[in-house]
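Worksheet: one structure, shown below.
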Amino acid sequence: MLNIARKELKSMFASPMGWIILALLTFSFGTYYLNGVNNYFEVMSGSIRPAERVGVTQFVGQTVYGLASFIMLFAVPLLSMRLISEERRSQTLPFLFSAPLSISEIVLGKFLGLVIFLSILVVYIAVMLSTLNIWADIDFGYIFANSLGLLLLVSSFSALGLYFSSLTAQPIVAGILSFVALFVLMILDRFFAGDPTSTMLKFSLMRHFQSFAGGLMDTADLAYFGLFILTFLTLTIRRLDADRLRG
Amino acid sequence: MANLTVEAIELTRLYGGRAAVSDVTFNLQQGQVLGFLGPNGAGKSTTMKMLTGNLAPSAGSVKICGIDMMESPKEAKALIGYLPEMRPLYKEFTVDEYLTIAARLHNVSGKHLKKAVEHAKERCGLSHMSKRLIENLSNGYQQRVGIAQAIIHNPMVVILDEPTVGLDPIQIRDIRALIKEIGQAHSVIVSTHILPEVEMVCDHVQIIDKGKLVFNGGIDVLKQQRIGNKLLVGLRQPPSAEVLKTIAGVTEVELVDSMWRIRFAEGSQPHEAIVQAAVHHNWGLYHIAPDQTSLEDVFVQLTYHESVPVAEVAQAA
């Protein structure tokens, strides 16, 4: 399982794709971080009443994590689309199937490989925000909750992307499908914003991320992400198993 | 029984009601090389996929060294090295990287990893290609990487689906030697449609047609069918067939492409008598050799044979 993860990481860094995405994301997060710090001084010097004053962690964190959750919507499908469909297209799946590995191990390994890659970014953001500690006394709990939330969010994206990748032999089709599916899941809470009691709201990925973004770790949200990931990984395993059974 | 490496028991695979492979049963012992022959679409690759656990059989079972593929696939797969028809190569990696991944996936431990990769490269003549990207290798070298991948963990059973496709004659010779070498200690299953190849490397042959085994036996049996009791004789001033028939032992004479095919009775040796008669009567003998039916003919006979009853059934209906 770890060997598959290792292989996936290696192949992500073997193509320019991995490096380009890393570089672009790092650049945009860095810019937002810088803007956040600059804005903080402008806004805070203007607000005198105590209710308007927020901590620097929350102020800058909000901008960066808000951007991160949005940008991952594009980045994850780009990375996940080739995981299985590329193997299907270049007929390399027999290589994995005839190795002494179960299909669950193959799928979990691939999932893990992508999540490890993405966690580089999550860790990077956390470290970047922690540098604020040099000048100010920051709220590490807030950063931790946000990082965990972001990690769970991108893991869910990856699980869904992996499933769509197992459906087709065309990476692009897989990429577009998973992007559309993720987009719908993200903005579900906007669609049903008029009715706060709607059950559809419960399915929105963004809504569950929101509580993490506020620095709150709710077991209900943890369970939601856990189940989401589990569901899509199981579907992927079943899809690949069907390959072996039906040929 | 202990050295039985592959047991296929009544393997059947249905694709939407149509049987691609039906009731294929065979055994393979350690140290044997099995040639798998058959026309296109006969079910060679399907059978191989089932043997390696890439495809679940509709009925029947596969045992590798006594381990059932259905019940404990991981243990069984660990004993197999498989090169599918389409080479499963990750083209973005170098040869070394790819073989290291292959070794890791097959549970080669860290200590032996380097040695296993070196050994596999050496055996397939890839040592000077270590740092090249697989994408940039020629077809033949890619094929060698595919074979290296299949033998890297020193498996008990090596299954190669058309391993010599796309290689030049020298490489083909190397690969054949390699197959023979592996076959001494382990078991090898090779599918091919190059018939002389089978004769050269295999000591066991199976011919499959329309999903059914039509021939299963030693290569000697096949060779015997080939040679038969026939002579091909070339004469410049040939006598009539009647005259030739009078030579002791000759049973049948026919004219083929200006040469005479002479059939003789089992056990008799009319060669000398023919030569003497030719000299005596000044027939101008310029060619005399045993007439071999080519392996192709045997192959056609065997695969054609099976289709006759089908035609008869169709007529009857």
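Glycine too: its Cβ is placed from the backbone N, Cα and C atoms.
Unlike curated entries, TrEMBL annotations are predicted automatically.
Quick look at what TrEMBL lists:
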{"type": "TRANSMEM", "residues": "A:12-34", "note": "transmembrane segment"}
{"type": "TRANSMEM", "residues": "A:64-84", "note": "transmembrane segment"}
{"type": "TRANSMEM", "residues": "A:111-136", "note": "transmembrane segment"}
{"type": "TRANSMEM", "residues": "A:142-165", "note": "transmembrane segment"}
{"type": "TRANSMEM", "residues": "A:172-192", "note": "transmembrane segment"}
{"type": "TRANSMEM", "residues": "A:212-237", "note": "transmembrane segment"}
Segment proximity, the transmembrane segment (A:142-165) to the transmembrane segment (A:172-192), 3 or more C-beta pairs under 8 Å: yes
Positions whose Cβ lies under 8 angstroms from the transmembrane segment (A:142-165), at least six residues beyond its ends: 55, 57-58, 61, 65, 68-69, 72-73, 76-77, 79-85, 107, 110-111, 114-115, 118-119, 121-123, 125-126, 129-130, 171, 174-175, 177-178, 181-182, 185, 205, 209, 211-213, 215-217, 221-222, 225, 228-229, 231-233, 235-236, 239
Residues from the same chain, set at least six apart from the ends of the transmembrane segment (A:64-84), whose C-beta lies under 8 A from its own: 8, 12, 17-18, 21, 25, 28-29, 32-33, 36, 93, 110, 114, 117-118, 121, 125, 128-129, 146, 149-150, 153-154, 157-158, 160-162, 164-166, 171-172, 174-176, 178-179, 182-183, 186, 206, 209, 213, 236, 240
